[in-house]
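S.K.: The structure is given below, and queries will be raised subsequently.
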């Protein structure tokens, strides 16, 4: 191997991840240089508060006021974008860097999910890699596994537990019997959830990651806009109890599935059987499950967030850039990508769990059963659970309906009609049942 | 991307894996060409019985009598070695191909484990890749994950369940209560174990894979000769019962662990706690667990053998070769590899399970306890289990000792002395306790 000079990085953003990357590059400098075939060094950084102590020595590193300037900086070989958000400085910087012929490594799932199709074309046109291993499932090298390690197989299913915050909340709800709001507050106090938790608990973060995984698995440009997204705000302690009674665990899953006529992509709270692979993934852990025609089922599990795991993924991308081994963004050249369309929600098929709070009076079940029959939803089981605790309505009881396989259009129509009944006292909770 | 001609393969060996590779290349030809940037085609094969029906169309493919000729074949760009065994034709062919400047893709764990250090130097000298994703854990892209996906981190531990045959046997023994010999016969009848099962049940196959993983994880040339290997022939139905009573599952684990003064590598039957990640991996599945300073714990689980998964790994390597993205064999150039030595067994430290069959008479425990005290082995618990069934010796009882953390030298010395006692009726079974 010919001796090369250092690979010089311009790092934009020095939050938890940025500081982690700087720490890792220092701590493992020798090992990284051996693997990359050359040293990897931060030469310039752009970050808001220059004076803040980040626990890492950045002496000798040049500070840049406007991150966008890194794209044109002649001393920067690679731009490392760790600012975040789909728009604004992050997007401007990544675009400008690719246009200037500089490789980009980013941990920005929102940017890649929303603008990844365009950015991939820019990357290909410029002949420089756009890498984002850290954008999905933190330290788990799932992007590499899917795009390269499974490059020979035709994948049929990819998904899993993609948001550690939601998984932590639901694990804690199950173990403690406490309610969503209560556990969310605790997660915020512990730093597992943001002050504004909506990106996590409304499923947006998981949907960004799922859109990226689906693009890689099915070899098509990323299509975030078509992901059907439901979060976990509607989940009550009662749902965890029912799930356990029915032999399931509750997980926020991202699921992308190949159908003859297109790709199903969605994020939603799901029931998975106790004892299944995904059921055992608890707390802040992430897991990605893949099914291929030849490879069969494969699961990757690990820490989906945090400075260490995320920095590990960013630096692995940098080693690839240094080695010159990067591959096309979606695994194939733009012209060779598949045109598989995303399917609308109404065409999905599955089994569902519907939890209602109904007035405890004669005829309620008959009324609901009639709607389900009209909408051609076949009922597998129907459970009642005594009086609801703490609702303040003496005559309210929870009622759970588990369906056989049915079209999602049918269950959605039934839910709308059931929800409108006078005897139904709150918005029904609907969960999908998955094999896990 | 510039349009390139097809990547032309010479395939040596058309057993289960070879036929699988041929099938996969046909089935997914378009997708593979899109990902590889060019078609990948078999142009020549060398296999024993030319006439045999392998369920795959090989018309138009040239048959070669001596596999070694593929190395010099001007129409072959890449040699795919699927013959197996550390010596003989497989070794000759791989060596000759690398010397002739041809990339090699192989599924041969024995060859890579035994001769991988030399072959890596050949590969580097010739500037052509030697790829072997299929050699470890079948379809799970663990070599890529460790060598590339975790290239930034310093790993401390790698290992797991590396032999599906042993895992199937021990899972079945636990579920059925049947004995080793009985379950082995069944596994042979089902095709899960070979007619000569020694490579699997004596731990050799797992040791090949572990040696490869340790080399990748710790960035050093492969050192198969130093792996401490114990198989599962000594495991009885009784051990499975005791394991369950103590809250453990029994697994044949390969474990490589970094110490200050070197690397511990061993394959041995181990107890892992019920509920741990490795405990839940059952049947023919494989799982590799990795721990790194930054990435934390990571587990990859999937099918470790079979035509489909193995072919998926071989073809992923071929796509890498076609893309020109292959990396050095042990993750760094030969001169940049670590010189970490393998540690001798005597220096290992851990907790152990020792199961004895002893005469049921006064003073036996005192005699054994005195030996353990002399050898400075601290006992955590001691269990008896009534009379042993089916031994034909009325006065024989099983006795299980679980130790605290102790040096392996101490427990080995104690075992030798205990084994020599008149009251000890058969060779003791010793198991390591791992966190799983």
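Each residue, glycine too, has its Cβ placed from N, Cα and C.
Below are the features listed in TrEMBL for this protein:
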ACT_SITE  B:209  active site, proton donor
BINDING   B:12, B:13, B:14, B:15, B:16, B:17, B:18, B:19  NADP(+) binding site
BINDING   B:109  NADPH binding site
BINDING   B:194  L-homoserine binding site
DOMAIN    B:353-432  domain 'ACT'
S.K.: Centre the Cβ atoms of B:12, B:13, B:14, B:15, B:16, B:17, B:18, B:19, go out 8 Å, and tell me which other residues of that chain have a Cβ in range of the NADP(+) site.
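M.R.: Near the NADP(+) site, beyond B:12, B:13, B:14, B:15, B:16, B:17, B:18, B:19, sit B:11, B:20, B:21, B:47, B:82, B:83.
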S.K.: Consider the binding-site residues B:13, B:14, B:17, B:109, B:194 and say which one has the Cα lying nearest the Cα of residue B:209 (active site, proton donor).
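M.R.: Result: the closest of the binding-site residues to residue B:209 (active site, proton donor) is B:109.
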S.K.: Counting other CB atoms within 10 A of each CB, which of the binding-site residues B:12, B:14, B:17, B:19 comes out lowest?
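M.R.: Looking at the binding-site residues B:12, B:14, B:17, B:19, the Cβ with the fewest others within 10 Å is that of B:19.
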S.K.: Please spell out the DSSP helix, strand and coil residue counts for the domain 'ACT' (B:353-432).
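M.R.: Reading the DSSP string over the domain 'ACT' (B:353-432) gives 23 helix, 28 strand, 29 coil.
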S.K.: Measuring Cα to Cα, how many angstrom lie between residue B:16 (NADP(+) binding site) and the residue listed as 'L-homoserine binding site'?
M.R.: 13
S.K.: Taking the Cβ of the residue listed as 'L-homoserine binding site' as centre, how many other Cβ atoms lie within 10 Å?
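M.R.: The residue listed as 'L-homoserine binding site' is surrounded by 14 other Cβ atoms within 10 Å.
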S.K.: Roughly how many Å separate the Cα of residue B:109 (NADPH binding site) from that of residue B:194 (L-homoserine binding site), to the nearest whole number?
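M.R.: Given the Cα positions, residue B:109 (NADPH binding site) is 16 Å from residue B:194 (L-homoserine binding site).
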S.K.: Please give the average pLDDT for the domain 'ACT' (B:353-432) in this predicted model.
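M.R.: In the predicted model, the domain 'ACT' (B:353-432) has a mean pLDDT of 90.
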S.K.: Give the distance between the Cα atoms of residue B:17 (NADP(+) binding site) and residue B:194 (L-homoserine binding site), rounded to the nearest whole Å.
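M.R.: Rounded to the nearest whole number, the Cα-Cα distance is 15 Å.
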S.K.: Cα-Cα, whole number of Å: residue B:18 (NADP(+) binding site) versus the residue listed as 'L-homoserine binding site'?
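M.R.: Computed Cα spacing between residue B:18 (NADP(+) binding site) and the residue listed as 'L-homoserine binding site' is 18 Å.
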S.K.: I want to verify one value. Collapsing DSSP to three states, which class is residue B:194 (L-homoserine binding site)?
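M.R.: The three-state answer is coil.
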S.K.: List the same-chain residues at least 6 positions away in sequence whose Cβ sits under 8 Å from the Cβ of residue B:13 (NADP(+) binding site), in sequence order, or say none.
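M.R.: For residue B:13 (NADP(+) binding site), the qualifying residues are B:46, B:47, B:67, B:81, B:82, B:83, B:84, B:90.
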